[in-house]
Amino acid sequence: MKTVVLVGFLLGIFLTPSSADEAIQIINKGDDGGSVYQTVNINKQVNVAVFNLYSGRHSSNAVFDYNQGIIAYHVPYKGICILARMDKKTFPGLGDFETMVHDKREMRKELRALRKHYEITSSMIPNLSEFSGAIQGMCWGLPTYWATEYERPRPLIDASGCSGLKFLFLEVGLCGDIRLF
């Protein structure tokens, strides 16, 4: 939990609410029936969205940097950060998140299709200085790995582990070497 608070503080330094164009707060029921609290800060000036998912032990964070085309996922309960390249053809646009919140009922079909699957590589990223301040702030000091997007979930029987995250309506599957999970 201390890690989540620290990450929130560091992200606050780089993306203060006063410079955010949009701040969204949502409380949903999790898969286990408990409450899941989410915040999303969208800054259109720097083309970045920051997601914070508060769900007890399984809390997580994400930065979607549209200028660099990089997605960063922080999984504190695993103590890792994962970076992936954004496929701008299939990834929701920066303005889409606000629309999705307000038009949830009308967009059920589109929202069910928002699933991304990533295979985490075993090679660590040694230097985060080439990435934006928000990504550096979230991943600094953590083992950080590249991930590659793939179309479908991997077969259930293989030597990897997976973790599922849900940011608003975007479901993310992260799979990698069993040692990561």
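Numbers here mean position along the shown chain, with the first residue as 1.
Every residue gets a Cβ built from N, Cα and C, even glycine.
Any TrEMBL annotation is an automated prediction that lacks curation.
Summarising the annotation, TrEMBL assigns signal peptide to 1-20.
According to TrEMBL, the feature domain 'BRICHOS' maps to 54-147. Residues in the domain 'BRICHOS' (54-147) partition by DSSP class (helix H, G, I; strand E, B; coil) as 22 helix, 33 strand, 39 coil.
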Segment confidence, the domain 'BRICHOS' (54-147), expressed as mean pLDDT
83
